[in-house]
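This report refers to the structure that appears directly beneath it.
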Amino acid sequence: MTVKIYDTPEVQDFLKIVAGLDQEGGNDRGKQIIHRILSDLYRTIDDFDITAEQYWSAVSLLNALGQASQFGLLSPGLGFDHYMDMRMDAADAEAKRTGGTPRTIEGPLYVAGAPEAEGFARMDDDPDTDGETMWLHGQVRDTAGKPIPGAKVEIWHCNSKGGYSFFDKSQTPYNLRRTIIADNEGYYRARSVIPSGYGVPEGAPTDQVLKLLGRHGERPAHIHYFISAPGHQHLTTQINLAGDPYTYDDFAFATRQDLAAEGKRVENHPAAQQYGVEGTVTEVIFNIELSPTAEEELQARP
């Protein structure tokens, strides 16, 4: 069947009715957005001669994504999260807001309310016999290189098995999640465990979509950050650990050139020992630059 009816007056009038454009109530912007989305989908059905069977198969997949709470997982896989970053980068460039550590995607696994500590935090509440001890630290400064005392550094990551607290019910709440207030020189420090990379669940709805596209669903080992300070632009970012096979092949498109960090094995690290962290550690250093701004809305999480 090669029927094409999208451009007919009947279909165009029908689209306006479906989107509520003939009604006085509702939200005008919402109507325009729905009209655009429906128009593009209707045209796609025409252009690719999508059958009723194929349509209902897609509906079943959407239902499965919802039941598995995987829309937040598929979103970065289809590039939506990175596209939003690209738009924010373009807005910064247009406003001549330059410099600072690059942003990258937040991901769906942030949980507010992590315990707060001054200068140093131990993040690993749960034993992780397979995990390497991580000594994670860095300095928060402005684009002129001046330290930012009191900067708020929120950090979260998975354990050595790829699970996140709250989502992996075997973990203590807020395991591997902390908020650290940088010291008078802008430094933050944490003891934790080296996270592992992980993939989307085999056979899950997200995996089905990615396989349809001939793509994998793997993420490298990575660590998430929110960083904020008065008078500076809020930063959402993450670092991928160098040496992971997917460091530069992240299905979520989160890798950026300046956001890969090396892990270095150190015996009896002197600075770590000052905070009670003994033995062999894997040191990961991530220094952060925040861009100055007087706009209050840019100082908060987008």
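Glycine is treated like the rest: Cβ placed from N, Cα and C.
If you look up Swiss-Prot, you'll see Y164, Y198, H222, H224 marked as Fe cation binding site. In this structure, Y198 (Fe cation binding site) is part of a beta strand by DSSP.
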Going by a 10 angstroms cut-off between Cβ atoms, which of the binding-site residues H222, H224 has the sparsest surroundings?
H224
If you draw a 10 Å sphere on the Cβ of Y164 (Fe cation binding site), how many other Cβ atoms land inside?
22
Number of Cβ atoms other than its own within 10 Å, given for Y198 (Fe cation binding site):
18
